[in-house]
């Protein structure tokens, strides 16, 4: 069953294949059969030789199977080119279009003009019939709005601008003057040069710029006015497009102005090369095969055959139009054939044949011609197609060139001016600017005039400039020998690239402002200022080698330590001070308790010495703790017990550590250097973190601003600081000094100068974005190399180092700052004012306490006087009583004595008279206080120790008056005194025989 099914399906499968393939073959056969088999090629030629060669070429083409498919035949239809363009139009219609030509090959005599070829192009283009020109080189044929179907195997004249660029690159000329006629071709070659140079120099370091464009009317009679302008320009390289007749006038007048001699370079196009007065040494271009009509005819025919062959294989070609009277004819195949023609790239007799979008020949070869004596033309180079690289290549033999003035050495191509227009800008310490007074007529010897020109009213304000860059300029002008006029930047800016409305235009375009704009627009020759070298600026201007290497850094104000009245307390934290204060009183309390409860402290043993030291009370313990802490000596009692004394020793060690730590920390905190910066550098987290309350800024539009824009990792920081940016560096630095701006990011040279001038300012962190300051010059300036070499010599000789010391590091000011930094900081009144205030408070407290004590003492004295009066009265009364008692007792004893005597001896008489000589004491009249013999003061001093119960009596006084106690202040032991009552004293006598009762 499977085999039967397969056998049944095979016919169906084969039928399907046939049905699918048949339409394709039918379509191919239909296409091939629908295309014409014969093609008429028209020719509008200038002479019979060209007509004959055209016919021969067509015949040979039919046998070339590489270009002609089978069953396809080409036929030629030719007419003679008429000088009358109208007649030419009729001939094209009647003899070419009527014969259904598919394309037309056109040539004409060079002297007949381009009107007839243009007529052929207009007529054929109206019917979309392609036209291939072999001799028309005017720029007008490149306009596809007019010549819609025109191609040519020769390049237009303005394509020589491409060769000019190659020659300038070969000779390394960077500045040129272009001379061209004001016709279509002259303006076309200028436009081609400017347009092509934009892309040509993308990969070339040295760019040729047009210094001056001189446009003249064709058929001129004199070129003198233009030569005057050319002579004042720097460039001595002239690129000229002119007809042969105009070139004769230009060369004639240039010779009279001596502008065709030594040092000048003339590069001209083909027409000017054939002038009969072309100076010796002129270089010109000559198109290869320019006059080879036969070669161009053959190449045009084969290009056409190649296009038709490809078109036949791809699509159907409709028959060409036949009637010029039918204006409704729209031959689409003709338009398609024109596109196929433009895409051709073949190797022909005239070289590599290819076309651009305008149908103009590309890859055309040129000979570089050098004019010698007697108008001899010598080929010194070729501009030809390199098949290996598939591009054009310039080859010039420099040794064979004879330059103007019969020189073998290549001219510099530029006249180096010796008087330059210089610009600068105020930027301390590089440029100081001072306005001249009304009575001043000249600047100081170390200054140079630098007026500020007002662009609005063309007035000038007189200023004088001095500084680092001015000294450099003075030395530079001497070294490389130039004079100058110095002026200030008109807008006071270095310049940045901004969008701006063009004059008279509605569109925005980018342009440079400030110093850079003046240089780019060639209103200045040189910029002598602290101009940072960066890629954005180097694209538009030249820089010398750096005269000052620097980078970017951060300026901030030095952090100042706030000095308060309690600065002396800052070495310890508040918590530590509180703990110390608490510890003093806790230790005092523990000392008191240990001494009180110790068996060897408060309580004395019964057999202990009466002179043993007393135990420590609470007030003495507090005094002891403070005395040890403050190391003031201890004048009060010390701990008596062993346990309290151990604690006292530990407390003394604690006090020693605390005092030593305080002293050391005070020295470190107040005497050592303060921290120099708050920021560690550009990578400081506070700069990168936009949430921090830290303001930083730079100068808007400056090189530093451009640096931050380039750095992706600094984009967040730049967005934050962009709103704070300043117009000038001076404003930002002032705000840093005032504390309004915390960090100013700018060139290190300027900030180092500010830091050396003001000891309160400091640069933070390391340099970043390293670059250098260079002298700016115009692109291609002849002074670039000379300035660079001079600056290198200045570095080697030490001149730049001298300028650094003189201007940037600010001489003695920097030394003073260094001295300030090296000198140890000393404590001042700000730091220690609190200590003096503390002493003052202590003095005031002492005075207050003494006043209180005096008042209290007066009150006590009054009270004591009352007590003394009462005591005196009591003592007087007591003395009287004692006296009476004594007398009575004496009488009684006398009586007893007499009784005894009477009983033993004979009775006698006792005289009561007083013997004053024998008993002087008894002869004195005694008051109550002198009832006892002796001095009253001694009597009272002896009696007071027994008056312990009396109010107001000091225990210390009582203790001091005890027998055996040390005498006050002398440390001596008082002698033992009798404490017997007066009646038992030695002054008392039992002899009372002298008393009379």
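Positions of Cβ are set from backbone N, Cα and C atoms, glycine also.
When the ranges 811-831, 832-852, 853-873, 874-894 are checked against Swiss-Prot, the one recorded as transmembrane segment is 832-852.
Membrane topology as recorded by Swiss-Prot puts residue 302 and residue 899 on two different faces. Candidates 454, 902 were compared with Swiss-Prot; the annotation N-linked glycosylation site appears at 454. Record check of 276, 314 in Swiss-Prot: the feature N-linked glycosylation site is attached to 314. According to Swiss-Prot, the feature transmembrane segment maps to residues 652-672, out of the candidate ranges 610-630, 631-651, 652-672. The glycine site recorded in Swiss-Prot includes 530, 531, 532, 537, 703, and the single candidate from 485, 595, 747, 758 that the record places there is 747. Cβ neighbour count for residue 345 (N-linked glycosylation site) (all protein chains, 10 Å cutoff from its Cβ): 13. Neighbour count (other Cβ atoms within 10 Å of the Cβ, all protein chains): 12 for residue 397 (N-linked glycosylation site). For residue 314 (N-linked glycosylation site), the Cβ neighbour count at a 10 Å cut-off comes to 11, with all displayed protein chains included. According to its DSSP assignment, residue 314 (N-linked glycosylation site) is helical. A gap of 27 Å separates the Cα atoms of residue 397 (N-linked glycosylation site) and residue 258 (N-linked glycosylation site). In sequence order, 418 constitute the residues six or more apart from residue 481 (N-linked glycosylation site) in its chain with CB-CB distances below 8 Å.
Taken residue by residue with DSSP, residue 345 (N-linked glycosylation site) is part of a strand.
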